[in-house]
Amino acid sequence: MAGQGKPQIQFKLVLVGDGGTGKTTFMKRHLTGEFEKEYVATLGVEVHTLVFHTNRGPIKFNVWDTAGQEKFGGLRDGYYIQAQCAIIMFDVTSRVTYKNVPSWHKDLVRVCENIPIVLCGNKVDIKDMKVKAKPILFHRKKNLQYYDISAKSNYNFEKPFFWLARKLIGDPNLEFVAMPALAPPEVVMDPALAAQYEHDLEVAQTTALPDEEDDL
């Protein structure tokens, strides 16, 4: 009974990016989050409650998903207000979704200012990548964390949440003590492909940033 009454640690996380980048698919991988989602009609968003079990106790991310309304223009400020962290997603098979990352970032920091942000390149299970590791520079210029992910194969699903949890709690020793229950993978991530991407990212991190003042 000692733990009763102890408030659960929770954070509002906003998930942004162009339509079709796989944001909703990504959220639906987490089974309890899909079961417990709520629809906020006034803002036209779905809020998925994702719980991760850590050595510091359970951490809950209330993930706000746009429910596709970004296709009709920018999101209203109410979507971003009081967000404590964010994930910006693009599709590695679509250059335009990466080119739009700076505008999503700009909207985020205009309302939320200094919150931890993870940039995710989704669909790395598809071999026909249009956005390779070397040109992905935006996160380095803006001091964001970056992960390759594949929502359909569950590849690196927990990584963005793990990094954000450590940042938000302020504990570099925080660990997940159990993996979340995820939907079975729809595709299998080729281990050799994953290893190649990880190697490419490591090499890209050591490459000097270009001098020009280009957003990307």
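Glycine residues also receive a Cβ, built from the backbone N, Cα and C atoms like all the rest.
From a predicted model like this one, the values you see are computed outputs, not experimental measurements.
Listed features, source Swiss-Prot:
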BINDING   17-24, 65-69, 122-125  GTP binding site
CROSSLNK  Lys71  ubiquitin cross-link
DOMAIN    7-171  domain 'Small GTPase Ran-type'
MOD_RES   Ala2  N-acetylalanine
MOD_RES   Thr24  phosphothreonine
MOD_RES   Lys60  N6-acetyllysine
MOD_RES   Lys71  N6-acetyllysine
MOD_RES   Lys99  N6-acetyllysine
MOD_RES   Lys134  N6-acetyllysine
MOD_RES   Lys159  N6-acetyllysine
MOD_RES   Lys159  N6-succinyllysine
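Taking the features listed in Swiss-Prot, we show where each one sits on the structure.
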residue : record           : Cβ contacts under 8 Å, 6 or more apart
Gly20   : GTP binding site : Asp91, Ser94, Thr97
Lys23   : GTP binding site : Leu15, Val16, Gly17, Asp65, Thr66, Met89
Lys60   : N6-acetyllysine  : Gln8, Ile9, Gln10, Phe11, Thr49, Leu50, Val51, Phe52
Val124  : GTP binding site : Val92, Asp148, Ile149, Ser150, Tyr155, Met189, Leu193, Ala194, Tyr197
Lys159  : N6-acetyllysine  : Tyr147, Ile149
Count of other CB atoms lying within 10 Å of the CB belonging to Thr24 (phosphothreonine): 18
Greatest C-beta neighbour count within 10 angstroms, which of the recorded positions Gly17, Thr66, Lys99: Gly17
Rounded Cα separation (Å) that holds between Thr24 (phosphothreonine) and Lys99 (N6-acetyllysine): 20
